[in-house]
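Student: Sharing a structure here in structure tokens format.
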């Protein structure tokens, strides 16, 4: 304990020396502010081009506190710190989105996905339907379906893709194509008898049937595509990974059979299969992997599932963008949410940094003249960091003080609730006795819960490209797809578009090089 106190005192005494020399000069800050002012003035010349391409990056659970902490982590990983910039920080237009569901002050991922993909707010737990639908009530669904920006783009002749590190049937991506009274109806094996008798379809079936010509689908959750008890191709001995379908259908086969004659449809479940494809000869791609028990630090391992940081250095495909709309509900976004729910801030923040890498690659490989990119989150978490930490303090480190109540140290990162609540001998756990820098460390929380909860505050919306200025100020979350659709001249509001503004363009498969680099890396 004495050694810990000495370290805390040293941190306080040394904090002054952490100030970069240039920042001691007032002129540094004045020059920086003037440069920022000049950049802001340039934005007065608005980019009112028609967006040929739309890219939506969705960091699941990436609230503002997560963005800030990820920025610091990214800086510290590169020998910098608080002054560093995320790629999304460089987007010129920023807004706030109100995330509440129609029946929930603090939202879930299904109601929010319906908002930012379909443009309509909905009840928690429901997907691609209006607020007239009650969760679990199949008989309230008919006539209440709402369509997404993915379908609007398809109807405009554009190529579309969904890429996620969660299940493709997870709430976050599935609002792009599904209409369901319950986000958990992944296959018919998860549906109650009354829903099946009422004619409601499971989400995996809707993935194959509702919009059968989605060009790119990449994610996880393949067991929902196969009949019950069919062994998994990658984990044949794991009962938990066997197929779940009661109707006996092989939806991967159904997906292939639904494609037009003469078109090439490829299914992959492993990185090796993906790399072996000649993408110039592929018209449709379905990839399902990401076994849920793969340890976080192994997700990018060579030869592993469809998540591979190594692709950045290994693959350089030519990039041609032709009217591609990509709904990307989290490159690493799903795992940001998972990390926070488990109270494992280190995992959540590293995933946020990985998402930012993908955003940076997209920025380098696209043009602001024809591509509107939007980065946002569905909701926040009860995650925070504080404690008057000095400049340069490790983001996963201790605050430079003890509690003045229980006289114990505490980490800068804490949760409002969650599994990190621990009482040892009738008192709060002494974090100096545990490895709080470990990837599996669960940060302390104020209230004990098995799973940490979402937060209810607004989330940031970053925008870059044609009509990005439409995303400004404070908006309802359902405004986002309407602004994006307006920029691309798709959907119902096209009165401002001229006859040649929205040509129907085919998917050029070299673009898959960009897609895979962005969202599997």
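Glycine is treated like the rest: Cβ placed from N, Cα and C.
Just lifted these from TrEMBL, have a look:
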| type | residues | note |
| --- | --- | --- |
| SIGNAL | 1-16 | signal peptide |
| BINDING | 60, 170, 172 | Mg(2+) binding site |
| BINDING | 60, 337, 341, 378, 379, 454 | Zn(2+) binding site |
| ACT_SITE | 109 | active site, phosphoserine intermediate |
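Situate these features within the shown structure.
Tutor: Here the Cβ of residue 172 (Mg(2+) binding site) has 31 other Cβ atoms within 10 Å, regardless of which shown protein chain they belong to.
With a 10 A radius on its CB, residue 109 (active site, phosphoserine intermediate) counts 27 other CB atoms from all the protein chains.
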Student: Roughly how many angstrom lie between the C-alpha atoms of residue 341 (Zn(2+) binding site) and residue 170 (Mg(2+) binding site)?
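Tutor: Between the Cα atoms of residue 341 (Zn(2+) binding site) and residue 170 (Mg(2+) binding site), the distance comes to 15 Å.
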Student: Note the Cβ centroid of 60, 337, 341, 378, 379, 454, the recorded Zn(2+) site, then list each other residue of that chain whose Cβ lies within 8 Å of it, in sequence.
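Tutor: For the Zn(2+) site, the extra neighbours are 61, 108, 109, 336, 340, 377, 380, 381.
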Student: Can you tell which of the recorded positions 109, 337, 378, 379 lies nearest to residue 170 (Mg(2+) binding site) in space, using Cα positions?
Tutor: 109
Student: Looking at the recorded positions 109, 337, 378, 379, which has the shortest Cα distance to residue 172 (Mg(2+) binding site)?
Tutor: 109
Student: Mind giving me a neighbour count for residue 378 (Zn(2+) binding site)? Other Cβ atoms within 10 Å of its Cβ, every protein chain shown.
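Tutor: For residue 378 (Zn(2+) binding site), the 10 Å Cβ neighbour count is 32.
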Student: Using all protein chains in view, find how many other C-beta atoms are within 10 Å of the C-beta of residue 337 (Zn(2+) binding site).
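Tutor: Around residue 337 (Zn(2+) binding site), other Cβ atoms within 10 Å: 28.
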Student: Counting other CB atoms within 10 A of each CB, which of the binding-site residues 170, 341, 379, 454 comes out lowest?
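Tutor: The binding-site residues 170, 341, 379, 454 were compared, and 341 has the fewest Cβ atoms within 10 Å.
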